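Colleague: Questions regarding the structure given below will be posed in turn.
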Amino acid sequence: MKKHNEKEISRRRTFAIISHPDAGKTTITEKLLLFGGAIQQAGEVRARKAARHATSDWMEMEKQRGISVTSSVMKFTYRDFEINLLDTPGHNDFSEDTYRTLTAVDSVLMVIDSVKGVESQTKKLLEVCRLRHTPIMTFINKLDREGREPLDLLDDIESTLNIQCAPMTWPVGMGKRFRGTYHLYSKELTFFDPEADKGTGQTITVKGLEDPLLDELLGSQVEELRNDVELLEGAAHPFEQEAYLAGLQTPVFFGSAINTFGIQQLLDTFVEHAPAPLPRETESRAVSPYEEPFTGFTFKIQANMDPAHRDRIAFFRICSGKFIRGMKVRHIRLGREVQIANATIFMAQDRTNVDEAYPGDIIGIHNHGTIKIGDTFTQGEELKYTGIPNFAPEHFRKVRLLDPMKSKALEKGLVQLAEEGTTQVFRPLMGSDWIVGAVGLLQFDVVMHRLEHEYKVKAAYEPVSYVTARWVTGEKKKLEEFEKKEAMHLYRDGEGNLAYLAASQWRLDNTMENWREIQFHATREHS
């Protein structure tokens, strides 16, 4: 197979940042953009008190609450590498959107708060990465505060997340005693100076830990560093590229994102060691990024990114070939040719038209309701990219319209918001009430807020007794019989798929027992 566009593909790095809320993910995102020259000034997010709002948090509700609830895509260049950074929602309730974002990246940066160590959301997200053997780099943040001992943090990561740690840098002190980091491979000592440009004072190369220059520079703290590194040499894992690429080992950096300290060391290692675009699985075969025909898939739909235009954008990951503006591609689900006339690339809310793009790049395609999450586009071959699921909701609310004249607008809003994949909508086989289902409770607030502000619809929620849902499939005759007998509990989702909503786990188990010829599914592939 001839390798097409090899140089451009090898320059691409497409990754996401994962963390527990408040570990500093948005701050790190901003600082990476700062080094990439994509922004001139970091818009610091002070927990829910932001006067300026972080560049990547552009939705109105995010601005009010100081949290990220949608995934943004940002592109920047660093040292001749083209970097696509996908910023994922930090809030617990948005794990479904985050999961889908992780299907579009080749590696991940995990951010850990040095004060708190590994937290629940990080654990959940790492399990998702492990399913796909995604390479993971780690940044332990907030060393400018008093936190847990660095060795204790490594042990926490290894035991809780079941992944080897390979420390790349090591902190000298923490909190008020934080002096900087020692690079275990380049033997460089980088001083922390919050007053200096980008928080970084001098970087001095020493001849190993016994260099008397260290005594001169660090004084009494030098012994602590020597003891730590001696312990590491016996207990820690040396960095191995193959183990990192297989998702078995994570290189670890220490720093303070709010002071921009440690970010450049991380970024330098990232561009050198993180993978370029990788092959992707379809239902029939794996597709190499170096194949000539263009292919890719949609992993996210975002409505109303530009309130002035009420637009909808499909976020599309290129997997092979080269995108050229105006090209015709085959929309596999619809079985028809479409022209992509005006694709864009993103810098949070800023968008620019793109003339060409390569595997690893994320482009935005204007969507008039025909593109759905999970859709595959190719230059003809009947391929379908896999692994972009819908999850069964765990929380449900009935939607009550406050103005009966707005029923059409309500339907449009609910269906469009469901197509973005953060919530799901269900319409009963008997009756007309809309039910919204979500993986997390915050999503209900988001839906109500966006219905009012983007679709001018005022509505209220009413409680319903459902606790879980399952998509149902089966042989036609059996399904018809099932529909007749269980009609009171059956709904169609936003895409017209049949779903069974259960008021208790017992009810679900009982129904499954009584209808063994019917298949009940907790997840559903998009499209």
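Backbone N, Cα and C atoms are what each Cβ position is placed from, and that goes for glycine too.
According to Swiss-Prot, the feature domain 'tr-type G' maps to 10-278. Sequence annotations record features per position, and here Swiss-Prot assigns GTP binding site to 19-26, 87-91, 141-144.
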Colleague: Please report the number of other Cβ atoms within 10 Å of the Cβ of SER19 (GTP binding site).
Modeller: 23
Colleague: So, three-state DSSP: helix, strand or coil for SER19 (GTP binding site)?
Modeller: strand
Colleague: When you tally the Cβ atoms that lie within 10 Å of each candidate's Cβ, which of the binding-site residues (ASP22, LYS25) has the highest tally?
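Modeller: That would be LYS25, with the most Cβ atoms nearby.
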Colleague: I'd like the Cβ neighbour count for LEU143 (GTP binding site), meaning other Cβ atoms within 10 Å of its Cβ, all protein chains included.
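Modeller: So the number of other Cβ atoms within 10 Å of LEU143 (GTP binding site) is 26.
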Colleague: How would DSSP class LEU143 (GTP binding site) in three states?
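Modeller: Going by the DSSP assignment, LEU143 (GTP binding site) belongs to neither helix nor strand, so it counts as coil.
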Colleague: Just counting, how many other CB atoms are there within 10 A of the CB of THR88 (GTP binding site)?
Modeller: 26
Colleague: Translate the DSSP assignment of THR88 (GTP binding site) into the three-state scheme.
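Modeller: Coil, per DSSP.
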